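Colleague: Below, the features straight out of TrEMBL:
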- B:120-415: domain 'NADH:quinone oxidoreductase/Mrp antiporter transmembrane' (DOMAIN)
- B:6-27: transmembrane segment (TRANSMEM)
- B:71-91: transmembrane segment (TRANSMEM)
- B:103-120: transmembrane segment (TRANSMEM)
- B:157-177: transmembrane segment (TRANSMEM)
- B:197-224: transmembrane segment (TRANSMEM)
- B:236-256: transmembrane segment (TRANSMEM)
- B:268-288: transmembrane segment (TRANSMEM)
- B:295-312: transmembrane segment (TRANSMEM)
- B:324-344: transmembrane segment (TRANSMEM)
- B:365-388: transmembrane segment (TRANSMEM)
- B:400-420: transmembrane segment (TRANSMEM)
- B:441-461: transmembrane segment (TRANSMEM)
Amino acid sequence: MQPQNGIPIDYYIWLAAALFTIGVLGVLYRRNAIIIFMCIELMLNAVNVLLVAFSTYLNDAAGQVFVFFIMAVAAAEVAVGLAILIMMYRNTKTTDINILNRLKW
Amino acid sequence: MNRSDLYSLTPLLILSSAAILNFFSISIKRNHKVIFAITVLSLIGDFIFLTSYSLYHQQHIDPLLVVDGFGIFNIGLILLTTLVVALMSYAYFEQREERKEEYYILLILAALGACIMVISKHFVSFFLGLEVLSVSLYSLIAYLRTRERSDEAGIKYLILAAFSSAFLLFGMSLIYATTGKMDFGGIGYYLTTTQDIPLIMMAGLGMLIVGAGFKLGVVPFHMWTPDVYEGAPTPVTAFIATVSKGGMIALLVRFFNAINGYQYESFTNLFTVLSIASMFVGNILALRQTNLKRILAYSSISHIGYLLVAFLSGGSMGAQATTFYLVAYFITTLGAFGIIATLSDQHRDAELIDDYRGLLWRRPLTAVAFSAMLLSLAGIPLTAGFIAKFYVITAGIGTQHWLLVFCLVVNSVIGLYYYIKIIAVMFDQKLQIKSAKELHPLVYVISSVTIAVLAVFLFWLGVSPEGMLSLIDDVI
C-alpha cells in the first residue's frame, strides 16, 4: 500500500506529535477554561490524524471507525464541559481557572 | 450478534433500560422515591440475573467484548457497589434542596461505563466504557450546583480526565500505528513475534500507562484526587474511590495478561516506581490533614500503591490478591464514606475531624462501625483489610519483590498513625451539641442497615475469607 500522494508515513507521525504537543502546552500554560477545552480538542484531533493516516496506510478500516467514536465522545465531553463552565461562570463571573484555588492541600 | 451474545450482554441491557426508564419517569413526574425504587430494584434484579451465569461462562463477542468469569465477577462487584452508593444517596440527597432525580440516571450510566470497561478486550470498547464512566462522573461531581467548591471539583476533574483521556488515545493510536491491531489479543500476538519492542510502541504503552495512572490517581498523577474527593458529594466520592478505580485495575489486569506485560523489565520497573511513590506520598501527605475526605483521598492513593504490589506479582496469585484486595477495599471505603454521608447535614458534609469529636458518646454504633472501617483500612487482624494485605504480601514475597513488600510494611505503620488518630478523636469525651434538621427516621434506617451489612461483611471476610477466595479462584 502506497502512502497517499507520496507523503511518507513518518510525516504524519510528526504532524500528530506536533499537534498533540501544542495541545499539551496549551492545557498547561493557558488560564482560560475555554481555551483549555480547545487545546484538549486539538490533542484529540491529533489522535484522529494519526489514526486516519495509519488506517489508510495499513489498509484497515478499524482506525477510521475508531475516529468516529472519538469525535462523538469529544462532542459529549465538550457539551458537559461547557455546562459545567457556565455553572462556574455563574458562581464566579469569570472563566479564569486561577480563581479555582479554594481546594488546596 | 446472536442469541447467546444477547444473553451474555443482558446485564448491560438491564442497566441501560433502567436509565431510560428513570428518564421517562422523571419526564412524567418528579418523585424521588419512585426514581430511587426503580434504581434499587433494577440494580438488585440485574445482580440476581448475573448470578444465573455459571462461573465458567465464556462468551467472546468479537471483536469488542469478552464475558468471562473475571468480567462477571467484576460486574457483580460494580453492581453491588452502585447499589450501596444508591442506598446511601437517598438520605443524603433527600435533605438537599436541589433536583435529585437525575442523579440516579447518571449513577446508573456511570456503572454501565465501568461494566463495559471490565469486559472489554479491544481499545474501542475500553475507550467508550471509560468515557461513559467519566462523562457521567463530570456531572455527578458538580451535581450540587449551589454548593461552593463543587464547580471547582467538577472543572478540575473534567480538565484532568479529558487531558488524560487524550494521552490514553494517543498511546492507543501509536500502538495501532506499529501493530495494526486494536484488540488486546492481537497486540499480544504481535509482541510474541517481535524480539524487542519498537520505540513508537514503547512510547504508546508509556502514554497508555500515563492515562490509566491519572484515572487510578497514582503518584505523580494524583493531584486531582484530594480536591475532587473533597468537592464532590460524599456518595459520589465513594463511587469514584471504588468503581472508577476498581474498573481501571480490572482492565489493567486483563490487558497485561493479554500482552503478557510482566515479562518486560521496563514496565515492571515503571510500576514499581509508581507503586512505591504512591505508598509514600499518599501516607505522608495524609498525616497533616484535618479534613476526613482528604485523609481518605490520600489513603486511597496509598491503597492503589498497595494494589499495584499485588498487580506486579502477576500470574494467578497476583490476580487473586488484586481481586481480593479490591473487594476488601470496596467494602471498607463504601462503609467509611457511607458514614460520612449519614452524618452530613443539609448545609455541609461532616468532613472535618472535629465533627467526629465524641462521636462514640453521641452515636455509639456509628462510631464502632466507623472504627471498624478505619481499622480495616489500616489492615488490623479480624477485618477484611488484614486478609487482603496478607495476600498482597504473600503474592509479593512469592515473586521476590522484596523492596515493594518492605515499603508496604513500612507504609502500613505510617498509615496506622492517622487512622488511629481519627479513632482517638471519636473517643474524646468533650461533647458537642449538633442540631440538624431531622428527616423521617425511615430514611436513616436505609443508610444504617446498609452500613451494618457492610460492617458484617467486613468481619465475615476478615474471619473466614475461604468462601470469597475460592470464588475468586474459580473465576480467574
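Numbering starts at 1 and runs along the chain as it is shown here.
Cβ from N, Cα, C; glycine included.
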Colleague: Can you name the far-off residues of the same chain, 6+ from the ends of the transmembrane segment (B:400-420), with a Cβ under 8 Å from a Cβ of it?
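Modeller: Those are 272, 275-276, 279-280, 283-284, 286-287, 289, 295, 299, 302, 305-306, 309, 312-313, 374-375, 377-379, 389, 392-393, in sequence order.
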Colleague: Which listed stretch (B:197-224, B:324-344, B:365-388, B:441-461) has the most C-beta pairs under 8 A with the transmembrane segment (B:157-177)?
Modeller: B:197-224
Colleague: Check the transmembrane segment (B:103-120) against the transmembrane segment (B:6-27) for contact, please; criterion is three or more CB pairs under 8 Å, pairs 6 or more apart in sequence.
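Modeller: Yes, the transmembrane segment (B:103-120) contacts the transmembrane segment (B:6-27).
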Colleague: Mind checking which residues reach the transmembrane segment (B:236-256)? Cβ under 8 Å, same chain, six or more beyond either end.
Modeller: 70, 74, 77-78, 81-82, 84-85, 88, 107, 110-111, 113-114, 117-118, 120-121, 126, 129-130, 133, 137, 140-141, 143, 184, 212, 215-217, 228-229, 262, 293, 296-297, 300, 304, 307, 311, 314, 319, 322-323, 326, 329-330, 333-334, 337-338, 341
Colleague: Three or more CB pairs closer than 8 Å, sequence separation of 6 or more: does that hold for the transmembrane segment (B:71-91) against the transmembrane segment (B:268-288)?
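Modeller: Counting Cβ pairs under 8 Å, fewer than 3, so no.
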